[in-house]
Amino acid sequence: MKNSVDVSIARPDTNRQASLVAVDCRVHELLLRQERQERTTLKLIASENFASSAVLEATGSIFTNKYAEGYPGARYYAGNEIVDELENVAVERLKALFGCEHANVQPYSGSPANQAVYRALLSPRDKVMGLPLPEGGHLTHGWAVNFSGTDYQRIPYRLHEKTQQIDYDRLRETAKRERPKLIWVGGTAYPRIFDYAAMAEIAAEVNSYLVADIAHISGLIVAGAHPNPVPHCDVVTSTSHKSIRGPRGGFILSRNEDRYQPLYHPMSKHNLAKRIDRAVFPQLQGGPHVNIIAALAVALHEAATPSFRTYGHQIVRNAKALAQALLERGYDLVTGGTDNHMLILDLRARPLSGKAYAERLAKAGIITNFNMVPGDRRHPALTSGIRLGTPAVTSMGMRETEMVQIADFIDSVCRQPDDQEVHASVRREVADFCTAFEVPGIPDP
Ligand SMILES: *Cc1c(COP(=O)(O)O)cnc(C)c1O
């Protein structure tokens, strides 16, 4: 016998064409069901999108197999020449799109990216200012149960009671009193444009770092549909899977130099960019997900096209059209409308909780998430709000007229939330409505 190794065991995929259905029909069946669901429902979750087939192909590529601890040119594993090129492509594309000095594409997602910022800039117990979760901030901006709330002193800043927008005057007062070391600007449920210049002024007055978290809006920024925080901030973090329509992951943009600890400062061994890199690896992570870096590079290539600019502006036009149509149907919106891709329905005056409405809407094929609204009296697991977003339906090619139709679907369900027949008939209409559009990454049935 020439070869005593049983190749059928040694190679998981002897037949290179063996497909998912042949190997694991259970998971394959779940995938088909998820495809069918996404093909026939309205994805209005503000943080979700449809990545392109090219992005999905790179995500599912053999780059998933490679270990590449370290950074291009300084890896701890051999055979990374191609991966070095790949990571450099992703980094250069980010720097070009955002106009920043430094980019790190290794964070596993948005929360780990933010964690790296804490590691790079702060010591435990330092003061951190952020928008509280119920007012639209993210868990990682100093929420009590998160590491950012337990390991650091959290100093919340608030929305203006009337406008429900950031109260920059009060923010300045709080910052002057508390003298935080880091101020976050960004959120998960804030439907307005952030005034980065005003935040930068305040941060400079109190010698604080200013960090923008653009997880939701990075696609809008690249498209020119929302201002770019990069010129105003020390560091900018993002996810790569929301409006920018890449794979699930995160990235960090920064200046090279630390304005508070320049390299000649006795405390600083490394510049800001190097400290960010070291915080990601080796302080927090091991090997980067090379397949995700490949897919991010593809998404950034797509994001640099004129059609992505059109896409980003259409997201905002659609959100404004949906907001207008809902206002006309008697709904309250947090801040009274939107400047970006999301709107938050304020259901405090209605009989059911946000969770209950989200469940009823899902029965009718309208997929949303429930969300706290400013001044919410309900438990965070129930809430009085629903967050809606237009990135995914805009990826399907929908425009303003479709938003009016969507408002009608939502209204039908919310007016008779406990009528099963209404759920069923809207569900059929939604499915019909969706078949007129292509869903990126999902084959037509
Ligand atoms: C989504 C989001 C994150 C975190 O992203 P994950 O990938 O879920 O960890 C961080 N910050 C903001 C503002 C977000 O919206």
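Just so it is clear, glycine is given a Cβ too, placed from its N, Cα and C backbone atoms.
The (6S)-5,6,7,8-tetrahydrofolate binding site annotation in TrEMBL covers L133, G137, H138, L139. The domain 'Serine hydroxymethyltransferase-like' annotation in TrEMBL covers 22-410. The N6-(pyridoxal phosphate)lysine annotation in TrEMBL covers K242. What TrEMBL lists as site 'Plays an important role in substrate specificity' is H241.
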Cβ under 6 Å from ligand 1: qualifying binding-site residues of G137, H138, L139: H138
Would you list, in sequence order, the residues of this chain other than L133, G137, H138, L139 that have their CB within 8 A of the centroid of the site's CB atoms, where the site is the one recorded for (6S)-5,6,7,8-tetrahydrofolate? G130, L131, P132, G136, T140, H141, G142, W143, N146, G187, T188
Average model confidence [pLDDT] within the domain 'Serine hydroxymethyltransferase-like' (22-410): 96
Note: in the chain of H241 (site 'Plays an important role in substrate specificity'), residues six or more apart in sequence with C-beta under 8 angstroms of its C-beta are E48, N49, A51, P247, R248, G249
Taking the Cα atoms as reference points, how far is K242 (N6-(pyridoxal phosphate)lysine) from L139 ((6S)-5,6,7,8-tetrahydrofolate binding site) in Å? 17
For G137 ((6S)-5,6,7,8-tetrahydrofolate binding site), just count the other CB atoms lying within 10 A of its CB, please. 23
Could you say whether, by DSSP, L133 ((6S)-5,6,7,8-tetrahydrofolate binding site) belongs to a helix, a strand or a coil region? helix
